[in-house]
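Feature annotations, reproduced from Swiss-Prot:
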type	residues	note
ACT_SITE	TYR166	active site, proton acceptor
BINDING	18-23, 43-44, GLU49, 70-71, ASN97, TYR166, LYS170, 201-204, LYS208	NADP(+) binding site
BINDING	SER151, TYR166	substrate binding site
SIGNAL	1-30	signal peptide
Amino acid sequence: MTRAGMERWRDRLALVTGASGGIGAAVARALVQQGLKVVGCARTVGNIEELAAECKSAGYPGTLIPYRCDLSNEEDILSMFSAVRSQHSGVDICINNAGMARPDTLLSGSTSGWKDMFNVNVLALSICTREAYQSMKERNIDDGHIININSMCGHRVPPQSVIHFYSATKYAVTALTEGLRQELLEAQTHIRATCISPGLVETQFAFKLHDKDPGEAAATYEHIKCLRPEDVAEAVIYVLSTPPHVQVGDIQMRPTEQVT
């Protein structure tokens, strides 16, 4: 059933980065349920293809279009936006969800690990934002929306050393979203910018961060009832369903039992 306020987005196009699992997959599914055309991108698209088939079998009114894209490569990103332009006219909603964490501390971490996180969490997000805005501008889209899936780590620094550089990239996302809001205002457009900052969400995140210690990864999710990816997707739908004159700048959400 279409959510109140989502009718105006029906048949319009949303780009969701990092759509192969976790929050990205949940967001892509929720948007298809609301009748949108969704381009879901990731480095590997097998999971997105399966999700697209599930959405079709379920009879959802929208469509999920898998697209292979390495977000650490600017040429890949530009090619994706070019393909969206030629095949679907352009992007109306950009959801920068893709993120990367490496267990590289500030005192002994590898430069390559830092670069990997910065390239995906900051640069790719910024490139997608720029290209999405240009796509909207060239088609005179004045009601588009750019949503950055951030983290509570972008608002406070946790004590775990393996998350400190990642936290720095998420602080950057907080600043970039507010800077984007200001620039959109200066451009005299009604395109909106929103940051959604979840706390602990039960995904593969901890298993990728602690890939050498799956026991520690599992323990991350066992001590409290975590958020689900669908909870974050629900926040995305809420933001999109607000009237065009309403600017939701940031949603900070965490499990009820999470302390910080």
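Even glycines carry a Cβ here, placed using N, Cα and C.
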Worksheet entry | C-beta crowding around SER151 (substrate binding site), within 10 angstroms | 27
Discussion item. So if I measure Cβ to Cβ from GLY21 (NADP(+) binding site) and keep only same-chain residues at least 6 apart in sequence, which ones fall under 8 Å?
Written reply: ASN47, THR203, GLN204
Response to the item:
The recorded positions listed are GLY18, ARG43, ASP70, TYR166, GLU202; by CA-CA distance, the one closest to SER151 (substrate binding site) is TYR166
Response to the item:
One should report the C-alpha separation between GLU202 (NADP(+) binding site) and TYR166 (active site, proton acceptor), rounded to whole angstrom, as 18
Discussion item. Please list, in sequence order, the residues in the chain of GLY18 (NADP(+) binding site) that are at least six apart in sequence and whose C-beta is under 8 Å away from its C-beta.
Written reply: GLY24, CYS41, ALA42, LEU71, ASN97, ALA98, GLY99
Worksheet entry | ASP70 (NADP(+) binding site) and TYR166 (active site, proton acceptor), distance between Cα atoms, whole Å | 19
Discussion item. With every protein chain in view, what's the tally of Cβ atoms within 10 Å of the Cβ of ASP70 (NADP(+) binding site), excluding that atom itself?
Written reply: 16
